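What Swiss-Prot annotates here:
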- Cys426, Cys432, Cys471, Cys475: [4Fe-4S] cluster binding site (BINDING)
- Cys475: siroheme binding site (BINDING)
Amino acid sequence: MSEQKLAVNEYLKTDSDYLRGTIQEGLDTQVTGSFSDGDQQLIKFHGFYQQDDRDLRNERKEQKLEPLYSFMLRARVPGGICTPAQWLDVDKISSTLTTSNSIRLTTRQTFQYHGIPKRNLKTLIQGLDKAALDSIAACGDVNRNVMCNPNPVESKLHAQAYAVAKELSDHLLPHTRAYAEIWLDEEKLVGETVEPVYGNTYLPRKFKMAVSVPPDNDVDVYTNDLGFIAIAEDGQLVGFNLVAGGGMGSTHGEVETFPRLADDFGFIKTADVIKFAEAVMTVQRDWGNRVVRKRARLKYTIVDHGFDAFKAEVENRAGVKFAPKRDVVIGDRGDRYGWVEGIDSKWHLTLFIESGRIKDLPGQTLQTGLREIAKIHKGDFRMTSNQNMIIAGVAAEDKAEIEGLARKHGLMGQVLTGTRGHSIACVALPTCPLAMAEAERYFPEFIDHIDALQAKHGISDQSIVVRMTGCPNGCARPFAAEIGLVGKAPGRYNLYLGANFEGTRLNKMHKENIQEAEILAELDTLFGRYATERDAGETFGNFTVRIGVVKAVNDAAKDFHG
């Protein structure tokens, strides 16, 4: 592979002086709102992407203006936990330094800002730093934000799992001081240590990691490059089942790319988590495809080299053998809405945030509501991988005041079906440069149609996992949804069916490049059959496989496109 011409990103990383590139020069140049092509790749490692308003692109072109460039910045918040004081800072930044005046909760349990002018980037990052937050490695070819189940019931076990997620995030951070020098004005140190895990080429591609606490699977653990499924005995964490090789991204029409769920490798002790995480990452660093970038994810490395060879090399580098995996039940991927009491007698309020967008609208002043709650809350805020928010650690005597604020600002009280509560969508248009169709802006209306069809057929009590993305990169994990809509062109989507409710089987394309009317007509027919033909307890995804609408995907490399 070394004799072949590498992907252009590999040369950019090698020549970047550990992710510095010419970012500082680009930041100093205010003649344009953009960075150079090479630096646009490097800034991802610092936590942000260059975008433009695609709604205005043609108009500005006619006016002979450059696109209306702005930046999307994603924070690193392992496990999605922040304090009320931090949230107040996050909120203030969105109101003063972004043009979107909103906060977007993501499908990876953190938040991001949209509409940041280049001139505001440094001030914004310094504001995050003052709040003890950062965006280091939130994007780029590195380990990204580590997810962890925010289970509000088993709080002791959650605390133990969260500690592991936080340790993973901290241990696998890049060591380069480029972020501190460029954005925080810290001095460059003489004789900087090279990256001990990443090297100067970092990873071949993005790397996503999650820690789950069964039976909940809200983090969609099998869709990650590396996942740790907590195993408890008598309520205490004893270790994890390790899974590796998941990932959602693919490319329309290219069968050599496909989504994939992770393989089960075996059980490891808690004390060995860092060893195994580093071993998996360094094997991917050394074995991953650096020639064909679309085949660079860990899932392809395992497929190309073989499971047994990959497992043996991981064990060799970790210096520990996998034990047989422990039996575990994988259950619901949704969040528990409303109040739930934890084992510590504290209460936790999960608030539904449609598509994760926190913004003040008529009748729903969500951003103001969370701000007012943060001013009085004594616990913490927990972002979920379903784009929702948990007001965690509320004393019984404080519940009424918190709930009053939530209801006043439209954070509670909305009619929420099981299907809407299990639905997520990516941002897509107008800011995402990869989007081929709408997602976030259209998704609430689409779910209205789904709710109406379920009501028509008397199946409103059935929760169905529905997800929509504007392109096949899969940010909202659509290929693990019972109903997945993936953008193909404006107003057109590929319809995927057949994933299971728990997230341990992928879906498969049922209809290609169809519009809303055909999508709804197809689902109308299937919902009618599901209402009358389903077995007791049978979920919609399993039903579509059983009656032969789509075939089960058991081996994505062979079955997803076949």
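The backbone N, Cα and C atoms fix where each Cβ goes, and this holds for glycine too.
Known features from Swiss-Prot, placed on the structure.
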{"residue": "Cys426", "record": "[4Fe-4S] cluster binding site", "DSSP (3 states)": "coil"}
{"residue": "Cys432", "record": "[4Fe-4S] cluster binding site", "DSSP (3 states)": "coil"}
{"residue": "Cys471", "record": "[4Fe-4S] cluster binding site", "DSSP (3 states)": "coil"}
Can you list the residues of the same chain, besides Cys426, Cys432, Cys471, Cys475, whose Cβ falls within 8 Å of the [4Fe-4S] cluster site's Cβ centroid? Val427, Ala428, Leu434, Ala435, Ala439, Thr469, Gly470, Asn473, Gly474, Ala476
Which residues in the same chain, at least 6 apart in sequence, have a Cβ under 8 Å from the Cβ of Cys432 ([4Fe-4S] cluster binding site)? Gln51, Cys426, Gly470, Cys471
Using a 10 Å cut-off on Cβ-Cβ distances across all protein chains shown, tell me which of the binding-site residues (Cys426, Cys471) has the largest neighbour count. Cys426
Around the C-beta of Cys475 ([4Fe-4S] cluster binding site), how many further C-beta atoms are within 10 angstroms, looking at every protein chain? 22
